[in-house]
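First up is the structure itself, then whatever we jot down about it.
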Amino acid sequence: MLNLKVGIIGAGPSGLAMLRAFESEQKKGNPIPEIKCYEKQDNWGGMWNYTWRTGVGKYGEPIHGSMYKYLWSNGPKECLEFSDYTFMEHFKQPISSYPPREVLFDYIQGRIKQSNARDFIKFNTVARWVDYLEDKKQFRVIFDDLVKNETFEEYFDYLVVGTGHFSTPNMPYFKGIDSFPGTVMHAHDFRGADQFIDKDILLIGSSYSAEDIGVQCFKHGSKSVTISYRTNPIGAKWPKGIEEKPIVTHFEDNVAHFKDGSKKEYDAVILCTGYQHKFPFLPDNLRLKTKNNLYPDNLYKGVVFNENERLIFLGMQDQYYTFNMFDTQAWFARDYMLGRIALPNKEIRDKDIAKWVELEKTSVTGEEHVDFQTDYIKELIEMTDYPTFDLDRVAEMFKSWLNDKETNILNYRDKVYTSVMTGVTAEEHHTPWMKELDDSLERYLDEVEVDELELSKENYY
(Lines of atoms letter the chains of each structure in order from A and count residues from 1; the text may use other names and numbers.)
(Lines give C-alpha, C1' and ligand atoms only; values in the text may rest on other atoms or scores of the structure.)
Protein backbone atom coordinates (compact mmCIF):
# COMPACT_ATOMS: atom_id res chain seq x y z
CA MET A 1 0.00 0.00 0.00
CA LEU A 2 1.24 3.48 -0.85
CA ASN A 3 1.87 5.91 1.97
CA LEU A 4 -1.12 8.01 0.94
CA LYS A 5 -4.66 8.37 2.26
CA VAL A 6 -7.48 9.19 -0.14
CA GLY A 7 -10.91 10.23 1.09
CA ILE A 8 -13.97 9.93 -1.16
CA ILE A 9 -17.17 11.77 -0.29
CA GLY A 10 -20.15 10.10 -1.94
CA ALA A 11 -20.80 6.52 -3.09
CA GLY A 12 -22.94 7.31 -6.10
CA PRO A 13 -21.82 6.60 -9.67
CA SER A 14 -18.86 9.02 -9.38
CA GLY A 15 -17.62 7.76 -6.02
CA LEU A 16 -18.04 4.17 -7.14
CA ALA A 17 -16.11 4.94 -10.32
CA MET A 18 -13.23 6.18 -8.15
CA LEU A 19 -13.27 2.97 -6.11
CA ARG A 20 -13.42 0.92 -9.30
CA ALA A 21 -10.43 2.79 -10.76
CA PHE A 22 -8.27 1.96 -7.75
CA GLU A 23 -9.52 -1.63 -7.75
CA SER A 24 -8.48 -1.95 -11.40
CA GLU A 25 -4.98 -0.86 -10.42
CA GLN A 26 -4.85 -3.25 -7.48
CA LYS A 27 -5.84 -6.20 -9.69
CA LYS A 28 -2.71 -5.59 -11.74
CA GLY A 29 -0.65 -6.19 -8.63
CA ASN A 30 0.20 -2.53 -8.13
CA PRO A 31 0.06 -0.76 -4.76
CA ILE A 32 -2.79 1.68 -4.09
CA PRO A 33 -3.35 4.28 -1.35
CA GLU A 34 -5.39 3.73 1.79
CA ILE A 35 -8.93 4.55 0.69
CA LYS A 36 -12.01 5.49 2.68
CA CYS A 37 -15.37 6.40 1.18
CA TYR A 38 -18.26 8.04 3.03
CA GLU A 39 -21.91 7.97 1.99
CA LYS A 40 -24.74 9.75 3.79
CA GLN A 41 -27.40 7.33 2.51
CA ASP A 42 -27.72 3.76 3.75
CA ASN A 43 -26.83 2.30 0.35
CA TRP A 44 -24.67 3.08 -2.64
CA GLY A 45 -25.96 4.37 -5.97
CA GLY A 46 -26.46 8.04 -5.18
CA MET A 47 -29.26 9.50 -7.29
CA TRP A 48 -30.26 6.04 -8.50
CA ASN A 49 -31.60 5.19 -5.05
CA TYR A 50 -35.36 5.70 -4.97
CA THR A 51 -37.01 6.80 -1.74
CA TRP A 52 -40.60 7.64 -1.00
CA ARG A 53 -39.35 10.29 1.41
CA THR A 54 -39.18 14.00 0.60
CA GLY A 55 -37.70 16.82 2.64
CA VAL A 56 -35.59 15.01 5.20
CA GLY A 57 -34.63 11.40 5.76
CA LYS A 58 -34.64 9.05 8.72
CA TYR A 59 -31.91 10.98 10.53
CA GLY A 60 -33.10 14.47 9.67
CA GLU A 61 -30.69 15.00 6.77
CA PRO A 62 -31.91 16.61 3.52
CA ILE A 63 -33.04 13.96 1.05
CA HIS A 64 -30.41 13.48 -1.64
CA GLY A 65 -32.33 11.67 -4.35
CA SER A 66 -34.67 13.08 -6.99
CA MET A 67 -35.78 9.74 -8.43
CA TYR A 68 -39.46 8.98 -8.90
CA LYS A 69 -41.67 6.01 -9.64
CA TYR A 70 -42.03 5.06 -13.29
CA LEU A 71 -38.77 6.77 -14.26
CA TRP A 72 -37.21 5.20 -17.34
CA SER A 73 -33.91 6.14 -18.90
CA ASN A 74 -34.34 9.20 -21.10
CA GLY A 75 -31.26 8.32 -23.16
CA PRO A 76 -30.08 5.09 -24.81
CA LYS A 77 -28.37 2.74 -22.38
CA GLU A 78 -25.80 2.08 -25.11
CA CYS A 79 -24.51 5.63 -24.57
CA LEU A 80 -23.75 5.12 -20.88
CA GLU A 81 -22.49 1.52 -20.93
CA PHE A 82 -19.35 0.73 -18.95
CA SER A 83 -16.56 -0.36 -21.27
CA ASP A 84 -15.37 -2.97 -18.75
CA TYR A 85 -18.80 -4.31 -17.76
CA THR A 86 -21.48 -4.55 -20.43
CA PHE A 87 -25.23 -4.96 -20.22
CA MET A 88 -24.89 -8.39 -21.87
CA GLU A 89 -22.41 -9.48 -19.22
CA HIS A 90 -24.79 -8.40 -16.50
CA PHE A 91 -28.20 -9.53 -17.81
CA LYS A 92 -27.02 -12.44 -20.02
CA GLN A 93 -29.58 -11.42 -22.63
CA PRO A 94 -30.36 -8.43 -24.85
CA ILE A 95 -32.64 -5.85 -23.23
CA SER A 96 -34.27 -2.70 -24.57
CA SER A 97 -32.37 0.53 -25.08
CA TYR A 98 -34.42 2.48 -22.53
CA PRO A 99 -34.71 0.51 -19.28
CA PRO A 100 -36.40 1.76 -16.09
CA ARG A 101 -34.53 3.06 -13.05
CA GLU A 102 -34.53 -0.24 -11.14
CA VAL A 103 -32.91 -2.03 -14.07
CA LEU A 104 -30.16 0.57 -14.41
CA PHE A 105 -29.57 0.53 -10.66
CA ASP A 106 -29.22 -3.26 -10.83
CA TYR A 107 -26.63 -2.83 -13.60
CA ILE A 108 -24.63 -0.24 -11.62
CA GLN A 109 -24.59 -2.55 -8.61
CA GLY A 110 -23.63 -5.55 -10.73
CA ARG A 111 -20.23 -4.16 -11.60
CA ILE A 112 -19.34 -2.93 -8.14
CA LYS A 113 -20.55 -6.14 -6.44
CA GLN A 114 -17.82 -8.03 -8.28
CA SER A 115 -15.31 -6.21 -6.10
CA ASN A 116 -14.80 -5.64 -2.40
CA ALA A 117 -15.70 -1.96 -2.79
CA ARG A 118 -18.32 -2.09 -0.06
CA ASP A 119 -15.55 -2.73 2.46
CA PHE A 120 -14.21 0.77 1.76
CA ILE A 121 -17.55 2.55 2.29
CA LYS A 122 -18.93 3.86 5.55
CA PHE A 123 -22.65 4.44 5.10
CA ASN A 124 -24.97 6.80 7.02
CA THR A 125 -22.04 9.17 7.39
CA VAL A 126 -22.15 12.88 6.51
CA ALA A 127 -19.21 15.18 5.83
CA ARG A 128 -19.70 18.30 7.95
CA TRP A 129 -16.56 20.35 7.40
CA VAL A 130 -13.24 20.31 5.60
CA ASP A 131 -10.05 22.19 6.41
CA TYR A 132 -6.84 22.10 4.41
CA LEU A 133 -3.77 22.04 6.63
CA GLU A 134 -1.10 23.73 4.57
CA ASP A 135 1.76 22.69 6.85
CA LYS A 136 0.83 19.00 6.61
CA LYS A 137 -0.50 19.09 3.04
CA GLN A 138 -3.57 17.24 4.29
CA PHE A 139 -7.30 17.69 4.54
CA ARG A 140 -8.98 17.41 7.92
CA VAL A 141 -12.56 16.24 7.45
CA ILE A 142 -15.18 16.21 10.19
CA PHE A 143 -17.90 13.57 9.81
CA ASP A 144 -21.11 12.70 11.60
CA ASP A 145 -22.01 9.03 12.05
CA LEU A 146 -25.80 9.32 11.80
CA VAL A 147 -26.53 5.92 13.34
CA LYS A 148 -24.29 6.33 16.37
CA ASN A 149 -24.91 10.09 16.59
CA GLU A 150 -21.16 10.60 16.91
CA THR A 151 -18.72 13.08 15.37
CA PHE A 152 -15.23 12.08 14.27
CA GLU A 153 -12.43 13.39 12.08
CA GLU A 154 -10.13 11.91 9.45
CA TYR A 155 -7.04 13.16 7.62
CA PHE A 156 -6.39 12.68 3.90
CA ASP A 157 -3.65 13.52 1.43
CA TYR A 158 -6.19 13.77 -1.38
CA LEU A 159 -9.92 14.42 -1.17
CA VAL A 160 -12.36 13.35 -3.89
CA VAL A 161 -15.80 15.00 -3.95
CA GLY A 162 -18.34 12.84 -5.76
CA THR A 163 -21.56 14.15 -4.22
CA GLY A 164 -23.30 15.06 -7.46
CA HIS A 165 -25.13 18.29 -8.21
CA PHE A 166 -28.77 17.33 -8.62
CA SER A 167 -29.93 17.36 -5.01
CA THR A 168 -30.18 21.03 -3.96
CA PRO A 169 -33.15 22.60 -5.78
CA ASN A 170 -33.10 26.03 -7.33
CA MET A 171 -36.37 27.57 -6.11
CA PRO A 172 -37.31 30.86 -7.83
CA TYR A 173 -40.19 32.97 -6.55
CA PHE A 174 -43.21 33.96 -8.61
CA LYS A 175 -45.57 36.64 -7.38
CA GLY A 176 -48.67 35.07 -5.87
CA ILE A 177 -47.35 31.51 -5.76
CA ASP A 178 -47.41 31.59 -1.95
CA SER A 179 -51.22 31.85 -2.16
CA PHE A 180 -51.67 29.11 -4.75
CA PRO A 181 -54.27 26.73 -3.23
CA GLY A 182 -53.05 23.54 -4.88
CA THR A 183 -49.85 21.52 -4.77
CA VAL A 184 -46.55 23.35 -5.23
CA MET A 185 -43.32 21.33 -5.35
CA HIS A 186 -39.90 21.20 -6.93
CA ALA A 187 -39.09 18.32 -9.28
CA HIS A 188 -36.70 17.13 -6.55
CA ASP A 189 -39.77 16.13 -4.49
CA PHE A 190 -41.77 14.63 -7.36
CA ARG A 191 -42.31 10.95 -6.61
CA GLY A 192 -44.75 9.76 -9.25
CA ALA A 193 -47.22 10.89 -11.88
CA ASP A 194 -50.05 8.80 -10.45
CA GLN A 195 -50.78 11.51 -7.86
CA PHE A 196 -51.73 13.90 -10.68
CA ILE A 197 -54.33 11.80 -12.49
CA ASP A 198 -57.13 13.99 -13.90
CA LYS A 199 -55.32 17.16 -12.82
CA ASP A 200 -54.27 20.27 -14.73
CA ILE A 201 -50.50 20.49 -14.20
CA LEU A 202 -48.16 23.43 -14.71
CA LEU A 203 -44.44 22.72 -15.05
CA ILE A 204 -42.15 25.75 -14.82
CA GLY A 205 -38.85 25.24 -16.63
CA SER A 206 -37.74 23.71 -19.91
CA SER A 207 -35.21 21.21 -18.61
CA TYR A 208 -35.03 17.45 -19.10
CA SER A 209 -37.00 17.06 -15.88
CA ALA A 210 -39.84 19.23 -17.24
CA GLU A 211 -39.82 17.22 -20.45
CA ASP A 212 -39.92 13.85 -18.69
CA ILE A 213 -42.30 14.74 -15.86
CA GLY A 214 -44.63 16.34 -18.39
CA VAL A 215 -44.71 13.21 -20.55
CA GLN A 216 -45.05 10.99 -17.46
CA CYS A 217 -48.05 12.98 -16.22
CA PHE A 218 -49.64 12.80 -19.68
CA LYS A 219 -49.01 9.06 -19.84
CA HIS A 220 -50.54 8.41 -16.42
CA GLY A 221 -53.71 10.40 -17.03
CA SER A 222 -53.29 14.06 -16.17
CA LYS A 223 -56.04 16.20 -17.65
CA SER A 224 -53.58 18.67 -19.16
CA VAL A 225 -49.89 19.57 -18.94
CA THR A 226 -48.43 23.03 -19.54
CA ILE A 227 -44.67 23.60 -19.72
CA SER A 228 -43.65 27.22 -19.11
CA TYR A 229 -40.26 28.29 -20.48
CA ARG A 230 -38.14 31.36 -19.67
CA THR A 231 -36.04 31.69 -22.82
CA ASN A 232 -36.57 28.89 -25.33
CA PRO A 233 -39.29 26.24 -25.58
CA ILE A 234 -38.32 22.58 -25.62
CA GLY A 235 -39.81 22.53 -29.09
CA ALA A 236 -40.90 18.91 -29.27
CA LYS A 237 -43.89 17.80 -31.29
CA TRP A 238 -46.31 17.65 -28.38
CA PRO A 239 -49.49 15.58 -28.33
CA LYS A 240 -52.91 17.02 -27.60
CA GLY A 241 -52.90 17.61 -23.86
CA ILE A 242 -49.36 19.03 -23.60
CA GLU A 243 -48.55 22.61 -24.52
CA GLU A 244 -45.72 25.09 -24.02
CA LYS A 245 -46.19 28.68 -22.90
CA PRO A 246 -43.77 31.53 -22.15
CA ILE A 247 -42.75 32.26 -18.57
CA VAL A 248 -45.26 32.76 -15.78
CA THR A 249 -45.52 36.40 -14.69
CA HIS A 250 -47.66 35.88 -11.60
CA PHE A 251 -50.39 33.83 -9.93
CA GLU A 252 -53.84 34.89 -8.78
CA ASP A 253 -55.35 32.17 -6.60
CA ASN A 254 -55.15 29.04 -8.80
CA VAL A 255 -54.73 30.99 -12.04
CA ALA A 256 -51.32 31.32 -13.67
CA HIS A 257 -50.71 34.36 -15.88
CA PHE A 258 -48.17 34.07 -18.68
CA LYS A 259 -45.94 36.56 -20.47
CA ASP A 260 -48.00 36.29 -23.67
CA GLY A 261 -51.09 37.53 -21.81
CA SER A 262 -52.80 34.15 -21.56
CA LYS A 263 -53.94 32.58 -18.31
CA LYS A 264 -55.22 29.23 -17.05
CA GLU A 265 -56.36 27.49 -13.86
CA TYR A 266 -54.17 24.71 -12.44
CA ASP A 267 -54.36 22.08 -9.73
CA ALA A 268 -50.60 21.73 -9.23
CA VAL A 269 -47.35 23.55 -9.98
CA ILE A 270 -44.07 21.65 -10.32
CA LEU A 271 -40.91 23.74 -10.45
CA CYS A 272 -38.47 22.14 -12.91
CA THR A 273 -36.03 24.97 -12.39
CA GLY A 274 -32.79 23.11 -11.94
CA TYR A 275 -30.32 22.56 -9.13
CA GLN A 276 -27.49 24.36 -7.41
CA HIS A 277 -23.92 23.16 -6.96
CA LYS A 278 -23.86 23.12 -3.17
CA PHE A 279 -21.00 21.93 -0.98
CA PRO A 280 -21.87 23.04 2.57
CA PHE A 281 -18.96 21.05 4.00
CA LEU A 282 -16.36 23.00 2.00
CA PRO A 283 -14.97 26.39 3.05
CA ASP A 284 -15.07 29.23 0.57
CA ASN A 285 -11.49 28.74 -0.63
CA LEU A 286 -12.15 25.07 -1.50
CA ARG A 287 -15.67 25.39 -2.86
CA LEU A 288 -16.43 24.81 -6.53
CA LYS A 289 -18.60 27.69 -7.71
CA THR A 290 -20.23 26.95 -11.02
CA LYS A 291 -23.50 26.52 -12.81
CA ASN A 292 -24.57 23.44 -14.73
CA ASN A 293 -22.07 23.80 -17.56
CA LEU A 294 -20.47 21.23 -19.83
CA TYR A 295 -17.11 22.46 -18.56
CA PRO A 296 -17.09 23.85 -15.00
CA ASP A 297 -14.73 26.75 -14.52
CA ASN A 298 -11.77 26.25 -12.17
CA LEU A 299 -11.44 22.49 -12.74
CA TYR A 300 -8.37 21.35 -14.67
CA LYS A 301 -9.45 18.64 -17.12
CA GLY A 302 -12.86 18.98 -15.49
CA VAL A 303 -11.48 17.15 -12.44
CA VAL A 304 -8.68 18.81 -10.42
CA PHE A 305 -9.56 21.93 -8.41
CA ASN A 306 -7.29 24.59 -9.79
CA GLU A 307 -6.82 26.42 -6.48
CA ASN A 308 -5.77 23.28 -4.59
CA GLU A 309 -4.28 20.43 -6.59
CA ARG A 310 -5.10 17.85 -3.91
CA LEU A 311 -8.85 18.42 -4.19
CA ILE A 312 -10.70 16.49 -6.90
CA PHE A 313 -14.28 16.80 -8.14
CA LEU A 314 -15.99 14.10 -10.21
CA GLY A 315 -19.19 14.36 -12.24
CA MET A 316 -19.73 18.09 -11.83
CA GLN A 317 -20.51 18.74 -15.51
CA ASP A 318 -23.79 18.98 -17.31
CA GLN A 319 -24.04 15.52 -18.79
CA TYR A 320 -24.80 13.70 -21.98
CA TYR A 321 -22.39 10.90 -21.13
CA THR A 322 -22.77 9.70 -17.55
CA PHE A 323 -21.39 6.42 -16.16
CA ASN A 324 -18.60 6.07 -18.71
CA MET A 325 -17.61 9.73 -18.36
CA PHE A 326 -17.37 9.34 -14.58
CA ASP A 327 -15.11 6.35 -15.22
CA THR A 328 -12.75 8.29 -17.47
CA GLN A 329 -12.57 11.08 -14.91
CA ALA A 330 -11.87 8.61 -12.11
CA TRP A 331 -9.10 6.88 -14.09
CA PHE A 332 -7.51 10.29 -14.75
CA ALA A 333 -7.80 11.25 -11.06
CA ARG A 334 -6.31 7.90 -10.01
CA ASP A 335 -3.29 8.23 -12.27
CA TYR A 336 -2.76 11.80 -11.15
CA MET A 337 -2.84 10.79 -7.47
CA LEU A 338 -0.46 7.91 -8.21
CA GLY A 339 2.00 10.32 -9.79
CA ARG A 340 1.66 9.09 -13.36
CA ILE A 341 0.13 12.29 -14.65
CA ALA A 342 2.04 15.45 -13.82
CA LEU A 343 0.09 18.68 -13.63
CA PRO A 344 1.49 21.70 -15.44
CA ASN A 345 1.90 24.97 -13.57
CA LYS A 346 -1.15 27.06 -12.74
CA GLU A 347 -0.67 29.46 -15.63
CA ILE A 348 -0.82 26.62 -18.14
CA ARG A 349 -3.78 25.06 -16.32
CA ASP A 350 -5.61 28.40 -16.43
CA LYS A 351 -5.12 28.57 -20.19
CA ASP A 352 -6.33 25.00 -20.66
CA ILE A 353 -9.47 25.67 -18.63
CA ALA A 354 -10.10 28.92 -20.52
CA LYS A 355 -9.76 27.07 -23.84
CA TRP A 356 -12.49 24.60 -22.90
CA VAL A 357 -14.75 27.25 -21.37
CA GLU A 358 -14.53 29.37 -24.52
CA LEU A 359 -15.13 26.33 -26.71
CA GLU A 360 -18.31 25.58 -24.80
CA LYS A 361 -19.56 29.11 -25.47
CA THR A 362 -19.34 28.44 -29.21
CA SER A 363 -21.26 25.17 -28.86
CA VAL A 364 -24.93 26.07 -29.25
CA THR A 365 -26.91 23.12 -30.58
CA GLY A 366 -27.49 19.78 -28.91
CA GLU A 367 -25.30 18.09 -31.52
CA GLU A 368 -22.48 20.54 -30.83
CA HIS A 369 -22.79 19.85 -27.11
CA VAL A 370 -22.49 16.12 -27.79
CA ASP A 371 -19.35 16.68 -29.87
CA PHE A 372 -17.89 18.89 -27.13
CA GLN A 373 -18.31 16.27 -24.43
CA THR A 374 -17.13 13.50 -26.76
CA ASP A 375 -13.88 15.37 -27.41
CA TYR A 376 -13.47 15.96 -23.68
CA ILE A 377 -13.77 12.25 -22.89
CA LYS A 378 -11.42 11.33 -25.73
CA GLU A 379 -8.76 13.55 -24.21
CA LEU A 380 -9.09 11.89 -20.80
CA ILE A 381 -8.99 8.37 -22.23
CA GLU A 382 -5.79 9.14 -24.15
CA MET A 383 -4.08 9.96 -20.85
CA THR A 384 -4.92 6.70 -19.02
CA ASP A 385 -5.38 2.96 -19.54
CA TYR A 386 -9.18 3.14 -19.34
CA PRO A 387 -10.55 0.66 -21.92
CA THR A 388 -11.23 2.70 -25.02
CA PHE A 389 -14.44 2.43 -27.05
CA ASP A 390 -15.87 3.94 -30.23
CA LEU A 391 -16.87 7.35 -28.94
CA ASP A 392 -17.74 8.62 -32.42
CA ARG A 393 -20.41 5.93 -32.77
CA VAL A 394 -21.75 6.76 -29.32
CA ALA A 395 -21.92 10.42 -30.34
CA GLU A 396 -23.93 9.44 -33.40
CA MET A 397 -26.38 7.58 -31.17
CA PHE A 398 -26.77 10.67 -29.00
CA LYS A 399 -27.52 12.75 -32.09
CA SER A 400 -30.04 10.18 -33.29
CA TRP A 401 -31.63 10.29 -29.84
CA LEU A 402 -31.98 14.07 -30.03
CA ASN A 403 -33.72 13.70 -33.38
CA ASP A 404 -35.91 10.85 -32.12
CA LYS A 405 -37.22 12.99 -29.26
CA GLU A 406 -37.92 15.93 -31.52
CA THR A 407 -39.79 13.68 -33.94
CA ASN A 408 -41.84 11.69 -31.42
CA ILE A 409 -41.47 12.61 -27.77
CA LEU A 410 -43.89 9.87 -26.67
CA ASN A 411 -42.48 6.86 -28.49
CA TYR A 412 -38.73 7.50 -28.81
CA ARG A 413 -38.09 5.03 -25.98
CA ASP A 414 -39.33 2.21 -28.21
CA LYS A 415 -36.35 2.58 -30.54
CA VAL A 416 -33.38 0.19 -30.22
CA TYR A 417 -29.65 0.74 -30.64
CA THR A 418 -26.55 -1.44 -30.99
CA SER A 419 -23.88 -1.59 -28.29
CA VAL A 420 -20.44 -0.35 -29.36
CA MET A 421 -18.96 -2.59 -26.67
CA THR A 422 -20.47 -5.92 -27.75
CA GLY A 423 -22.12 -5.37 -31.13
CA VAL A 424 -25.39 -6.67 -29.63
CA THR A 425 -28.54 -4.91 -30.79
CA ALA A 426 -31.11 -4.18 -28.10
CA GLU A 427 -34.47 -5.93 -28.13
CA GLU A 428 -37.75 -4.10 -28.25
CA HIS A 429 -39.43 -4.13 -24.86
CA HIS A 430 -42.39 -6.49 -24.77
CA THR A 431 -44.73 -3.52 -24.23
CA PRO A 432 -44.60 -0.12 -25.94
CA TRP A 433 -43.43 2.49 -23.44
CA MET A 434 -46.65 4.51 -23.50
CA LYS A 435 -48.57 1.35 -22.56
CA GLU A 436 -46.15 0.11 -19.90
CA LEU A 437 -47.28 1.16 -16.42
CA ASP A 438 -45.08 -1.25 -14.43
CA ASP A 439 -41.43 -0.28 -14.07
CA SER A 440 -40.30 -3.17 -11.87
CA LEU A 441 -37.24 -5.26 -12.68
CA GLU A 442 -39.31 -8.45 -12.59
CA ARG A 443 -41.88 -7.20 -15.08
CA TYR A 444 -39.19 -5.76 -17.33
CA LEU A 445 -37.23 -9.01 -17.63
CA ASP A 446 -40.25 -11.32 -17.82
CA GLU A 447 -41.42 -12.84 -21.06
CA VAL A 448 -44.90 -11.37 -21.18
CA GLU A 449 -47.64 -12.52 -23.50
CA VAL A 450 -49.12 -9.39 -25.00
CA ASP A 451 -52.31 -8.63 -26.86
CA GLU A 452 -50.98 -7.06 -30.05
CA LEU A 453 -54.29 -5.33 -30.75
CA GLU A 454 -54.41 -3.91 -27.24
CA LEU A 455 -50.84 -2.67 -27.52
CA SER A 456 -51.14 -1.14 -30.96
CA LYS A 457 -49.73 2.36 -30.94
CA GLU A 458 -52.30 5.08 -30.60
CA ASN A 459 -52.20 8.37 -32.45
CA TYR A 460 -51.85 10.83 -29.58
CA TYR A 461 -51.55 13.73 -31.98
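Cβ atoms here come from the backbone N, Cα and C positions, even for glycine.
Taken straight from Swiss-Prot:
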BINDING   Ser14, Glu39, Lys40, Gln41, Met47, Trp48, His64, Asn74, Ala127, Gln319, Thr322  FAD binding site
BINDING   Trp72, Asn74, Ser206, Ser207, Ser209, Arg230, Thr231, Arg413  NADP(+) binding site
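For the binding-site residues Ser14, Asn74, Ser209, Thr231, Thr322, counting C-beta atoms within 10 A of each C-beta gives the highest total at Ser14. Counted within 10 Å of its Cβ, the other Cβ atoms near Lys40 (FAD binding site) come to 21, all protein chains included. Shown are the binding-site residues Ser206, Ser207; the one with the most C-beta atoms within 10 angstroms of its own C-beta is Ser206.
For the pair formed by Ser206 (NADP(+) binding site) and Thr322 (FAD binding site), distance between Cα atoms is given as 21 Å, rounded to the nearest Å. Each of the binding-site residues Met47, Ala127 was scored by other CB atoms within 10 A of its CB, and the lowest score goes to Met47. Taking Cα separation as the measure, His64 (FAD binding site) is nearest to Ser209 of the binding-site residues Trp72, Ser209, Thr231. Comparing local CB density within 10 A for the binding-site residues His64, Arg230, Arg413, the maximum falls on Arg413.
Ala127 (FAD binding site) falls within a strand when secondary structure is assigned with DSSP.
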